Each structure stands twice: as C-alpha cells, then as structure tokens.
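Sequence annotations record features per position, and here TrEMBL assigns active site, proton donor to 131, 728. Marked as active site, proton acceptor by TrEMBL: 694. Under the heading active site, TrEMBL lists 694. For 113, 114, 115, 167, the entry in TrEMBL reads (6R)-10-formyltetrahydrofolate binding site. Here TrEMBL flags 592-594, 618-621, 651-656, 671-672, 778, 825-827 as NADP(+) binding site. Residues annotated as domain 'Carrier' in TrEMBL: 337-416. Taken from TrEMBL, the feature site 'Essential for catalytic activity' covers 167.
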C-alpha cells in the first residue's frame, strides 16, 4: 500500500508490497479487452478480489490481447469466444461456461462484443460498465470522438449498471475533466480517461463490495446518441467555421481519421490546432469545397473555415497508408534513398528479424500496418530501435510516416546520421560586426522550438550600457505567450521524446550543448559585454566559461540520479520492501537577474534539464540576448521542441504569470528579497509549487591584523569591485581591525587609482559600465545617503563623465552600524569599511551577523584556529577563508535568512532541487 512520508525537501511514497484488503472480497468476471481492461484486472486483484474468469476477444494474427496475456500469466481462466450470440440469441454453451465460473459481479472495463442479458443479469451483484462520457450525453461506441466533435468544454466517464438498453443503465459513479481546445482522442484518453478511468472502475467495485454503490436513474434531458465513427462517415464538410472544422478533425484523430479529397485522392488530416495569427508565407493548396485554398507552411497546412479563421494541421495520410508531415506536402517524394554502410546494413538486418512476429519473411516493400501491426506494435518497435541504436530517438509518428520496411530503415539511418530532414531552425538574426567578429543575435521569443514574435507583435529596445544606444528590438512576452510556452513545456515533458529519453542520452545532448557553447564562446562573451556591460575578458572566463563548465558538470549527473532501498521493521516475516525513486518534477520556471545573464541561466537550467524537467525561463528584461542565443544553441544541439522556452519580458507580467501558473511545478528565482517574498506567496497560493530563492545579501568580510596584507588588499578589492560590484556575494561591508585599518585603506586607494574604466571590449579595461541607467541612478543616490549620514567618502560616488552608464569605484570609511549604507546592499562598486577593536573577535562577529541577510562572508587571518572559529560563527551560506569569489560548479551555493533558501550547483541541487522522491 502507499503511505506518504513528509520532510522539508521532498515527498516520498514508500511502496510496500502487501495486498490491499477490504472487508468483502468478491468473485469477479472481467469481460473486455485492451490495456485498459488489463489495468483494471490488475488493480482488482491488488484489492484482494478473486478473478474467476477473463472473457476477451480471440487472438489476432497470433497475438493475444493484453488482458488475456496478463490473466494467463496469473493462471486465471481465460475464455476467447468469437461471439456470445447468434441471430440475437445467446449461445447456450458459451453462457454455460460463463456461469460455471460462479461470478458474483461482472466488470466490463472496455468491451467491443455484445453480451447477452443472460450473462449481464446472472451475477449476484449484476454487471457494471465503464463508458468514456458523462452519461446521458454521448451514448454509443464513439463517445470520446463526439465529445470533441461537439466541442464540449467538459468531458469525463461514467461507470453504470448494465441494463437491456444502450448505455442507459443507472449511474454508479461519474468523474469529469476539462477538455482543452486542442485535445485529441489520444490526449484526453491518456491524460484522464485511461488513468482516472481505471481508478474510477476499481472504486466502483469497492463501493459495491462495501454495500455503498448508488443506482441513479439517468435523466432523459440532455441525452444524446451518436453513430459509430467510421471512415465512410468522417468526410470533412468544409462549409463550417474554423472551430467546427478543428473539432471534426481532432474528434476523428487517430481513428477513423477525418478526410477530404485533395488532388484527386483521399487525404486524411491529423494533428489539428486552432491558430490566432495564420501564417501567410507558404504555397497554396486547392481543396475542393473549401472556402479558400489552404497554405502549406513550414509549420504545417493552414486551413480556413467559412468564417475566414484558421486552423493548422500537422500530418497528412494518403490512401496507400503513407503519412507525411503536412509541411512536406509538395516535396514528399523528393528525397533520394541513402546508401547504407556495412554497419547500417547490420542494423537493418537486426531490425528485419522479429519486427513482425506474424510475418515469416520481411521484404523491403513489406508494409508494417497492412501486415497486421497495431498501436502496441508501434510502441514495441520504437523501444526496439532505442535498444539497438541509442542515438536514434524515434517517436510513434515516425513509424506512422514510414510504414514500409525500406522507408523505416531509411528514416532511422538518416536520423542516426543527423540527416533526418527535420524542419530547419529559422532565426531572424540581428547581426553586428564588433570585437573583430560578426555576432548573430536572435531577438524573438523562443517557444516550442521556434523563434516567434510576441502576441500582438509587441517589442522593446535593449540598450548597450557602454554608450546608451539601442542594440535591437526584442519581442516583449505577454501572458498568452507564457501560457503557450508552459503548454509546450508540459507537452514535451508528458508526451514528447524528452520525457521518454534514457538519462544517458539526455546527458549526451547536454554535453553536445556545452560543446556548442564552447564553439561560440567568443560570440557569447561579446553579446554579454554589449548587453550587460561585462568586461569581455571576464565574460569569456566567468560569465561564459563557468556556464559551459556547469552544463558539462550536470550532463555527467544525468544517469547517476538514483533511489535507494530502505530497511524497515516490517521487512520480515511479511517480506515487505521499501524503495525510493527520484523522478523529475515537470515544468520548471526560472527567473534570472541581469548581473550574470548567461551564468545564472546555466546555474539553474543545467540541473533542471539533467534531472529530466522542461524549462520556461524569463531572462532579465534588460539583458535578454545571451539567453536567446542559448535557445538557438539548445535547438541546434538537438534538445527536443518544448524542452527549453525563453520569454523576455517584464517581471510584473511574465514573472507573475509563471508564479501563478497551475502547470508550473517548480520556480527558481534569483533577485531581490522583496520580489522573492512576493514570488513565494504567489507560488503558495497558486498550486503550492516548489520554490528556490537566491535573494539579496550584505556579505561581511572580516580582515584581522595578522592577515597577509597583500592578499587581503587584492582579494578585498575583488570582493567589492568584481564585475563592477554587480555581484550577489559581493562583500557589502568590510570590518578591518584597527591596527591595520589606515594601512589597508591607503593600499586600497592606491589600487583603485590604477583601475582602468572604459569600453568592456577593450582587453585592458578593468571596470566597465553599470548594467543600466536606473541602476546607475540608484548608486548615485546610495552614495549621497552615505555622505548625508556622516560616513567619510574617500573616493568615487559619481557618474563618470562620458557616454554610457559608468560609475566611479567608491570607498567609504568610518561607517557606523546604524547607517543605511552599513545595512543595505549597493549592488555596485562601493566599498564600505568599518573599524573594529583589536582582539575583540566576538564583538565583530556580533556586528557582522547583525543583518537579515546571510548569503556569503569571508575572513582573512593567518591564525587557523581563529579562521575556523569565525567561520563557524558567521551566519552565511558560504564562508571564504583567505580568499573570495571562489565558486565552483561542484560546490553548493545558496544563503540563509532573507538571502533565500535552496541551493544552486553541486550534487544535491541536481538530486533534490529539481526532482520528486517516490
């Protein structure tokens, strides 16, 4: 049974292998078929009921139905009657065999045969049937199809008591769900009707066993009955609105398939979705009866209703069974066959053996489906390819689109070679010749593997802080764009290739991404320099260099995220076993700051992807360009569509919607404490999503008189002025022992005077511009506050008189504990120095800890005992001893108190921050 266990970091479900028992166990006959019937059968046995017989369909092409296979494995009697009635009359021998089982209840989870009333009424408790609609609506065998064809906003299922009518018996149990606008029969079945239907059917049996099962007469009002959907009645009537056409196509997808005549042949349409802004770039396709020609675009086939609104179809199937991507309609037969290498020929022959168990000899022309293959064979074939060629990641659609053995092998080989003809990534670059190179920058949103404009075409200008000029227009994401990106990430996680991928293959893709980032390292560093003001040499080493290291580090963790077995008291004599599994959370939102645009992306995204999640990331509005370039490289590395989504935009709009979105399961944020608190509240109110926060800091650095002065000065300078002071762990306040205070200040002033302020692309520049104008203005105001409060300004505090957002490195001394600048973070190149009395270690520790922040800290001393004592007493997530700013991808990073919680980097981040434990 399942027992929940709660701790701070995760929810663990301990699966203890013992049968669930109830006060009443029944003898049950299961009558039906399919995987659904198999799952109901298994769950009924787990509940302690006795399955006295399974009645299912005969074997097809030598293959037993999954329900029959499961029951035979358990030694349960299995009956495979081809029919129960002849000319409307029950077959006596069949009924006799059924009655001999002694069933007390019939459960019909999914049954395509007509069962006579002599069987339905025979058991003590009668018979119950699962039906995939909210009765009395959509009675009949095509209930799911008609739920979608009618555009119902609510769907669901009913478990009812069987009578002599067609789905008219009293209702025992109903469950409903929302129907999404782009749901298909497959998606709603997999998301709700299958998993919840199994649970509901078993719950109905449980109610019967406990004597609590109701019998609610079906109302006549609202009752509908629709015919069975077959190929001959699923032809498309084009004289309808776009929404009605979309509902008809999705309601018949995959079976029987909505079709129309195109170019003189019957073409079936699959994968329909409504579109707001129909693409106009493409090749027209005349469709008889349609209000206007369709348009074959790179995204698919755009169709129009009689209201001039549009829908998009992804796939088409011809009369011979061949399925193609709709975007390839005009060149579907143009690709020449590739010649196989010896290794590829070996792979082909391995696949030829056993690809179809019911066909003795596979020819190149053998058609997979015409030879009797079904959907389960497709799944088996896809998994077989993964075992034999891990580099070939297939989806079920690939099999449907390459139905003959020769086409299938050609497709596999092209994928293995990286020549699979997948849709080319289209990027509308902004190009600039700068830093002795041509940089090519994407500037649109990146959603579901494509660069797209924001809803309504909204844009804003991103500014170069070096001179204050606009770099380019960037798409400004809206709430509807957030919803699209989250939906794409959810689909990629739940339905796509990413969610099914072997962890080692996932790691291989992340390694490839790191390699591509390294190939583009100079370009990324240049973009970082012009968009954020980072000094190019620092961007090359840290902003980009550490980002590459981060992705490589976490790529290595992909196949090492493991659960454990746990000894428990009940292990003997009951043979119970407890184990844990670590699994990805799902859709993760990431909101990052502007000081290290690419590195902050890497710190959070690499671990998130390594754990198997999908990502919707909002870069800082003022520094979007390296995130968008990263999106391009992720696509070129082969990360499937929807896995990475990038949304430049405002925090109030995009960040808020991500915090509130019910399909986001984790949010990682780096930024101010004030915004962090707001995000935490929104995440709690919306759906209690997991949160990790890296917030503000006022990191103390204590410098004792016995320090190495040269190192203390050098590292003290770095602790404040590194990356222009725009550094979350910057030493916000230096405590210098009075015996060396004046000497230390003098040395710092000398070093400040040597700093070269200038163009971040100049290799000799030490200090570039602040990130943006608003931040520069805040620094000027911050320093004016310090002067007014009585701190001694030694140097700096002003904007540099040149174009751009340059600010002088600043030094304050005589800073008292009550002053604003002693308590609040500047997030800029402002050194705050306070003196402390010689030998008074505990008092300086008290002063250092007298803050609500606890991100980082440091100590300089030659006395190792003192260093260890101070390190233990400082309340901070990181304590640097005789160094500063030394972070590494393998070392966890995060803060205490109002500096946030949760860790970036290190093993634990990958293994705990972005996973569930089951």
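Just so it is clear, glycine is given a Cβ too, placed from its N, Cα and C backbone atoms.
TrEMBL annotations: computationally assigned, not manually curated.
Note that the structure is predicted; figures quoted are calculated from it, not measured.
Shown on the structure are the features that TrEMBL records.
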residue	record	contacts (Cβ under 8 Å, 6+ apart)
114	(6R)-10-formyltetrahydrofolate binding site	83, 84, 85
115	(6R)-10-formyltetrahydrofolate binding site	31, 84, 106, 108, 127, 162
167	(6R)-10-formyltetrahydrofolate binding site	129, 131, 135, 136, 139, 140, 160, 225
592	NADP(+) binding site	600, 601, 604, 617, 618, 619, 620, 627, 670, 671
621	NADP(+) binding site	460, 648, 649, 650, 651
653	NADP(+) binding site	477, 478, 479
656	NADP(+) binding site	682
694	active site, proton acceptor	669, 670, 728, 855, 893, 894, 895, 899, 900, 902, 904
778	NADP(+) binding site	828
Check: Just the number: how many Å between the Cα atoms of residue 113 ((6R)-10-formyltetrahydrofolate binding site) and residue 827 (NADP(+) binding site)?
Finding: 73
Checklist line | For (6R)-10-formyltetrahydrofolate: widest Cα to Cα gap among 113, 114, 115, 167 in Å | finding: 14
Check: Looking only at 131, 618, which of these recorded positions has the biggest number of Cβ atoms within 10 Å around its Cβ?
Finding: 618
Checklist line | Env. residues of (6R)-10-formyltetrahydrofolate site, Cβ within 8 Å of mean position of 113, 114, 115, 167 Cβ | finding: 108, 111, 112
Item checked: CB within-chain contacts under 8 A for residue 827 (NADP(+) binding site), separation at least 6 -> 595, 725, 726, 727, 730, 775
Check: Of these recorded positions, 113, 728, which scores lowest on Cβ atoms within 10 Å?
Finding: 113
Check: How do the residues of the domain 'Carrier' (337-416) split into helix, strand and coil according to DSSP?
Finding: 42 helix, 2 strand, 36 coil
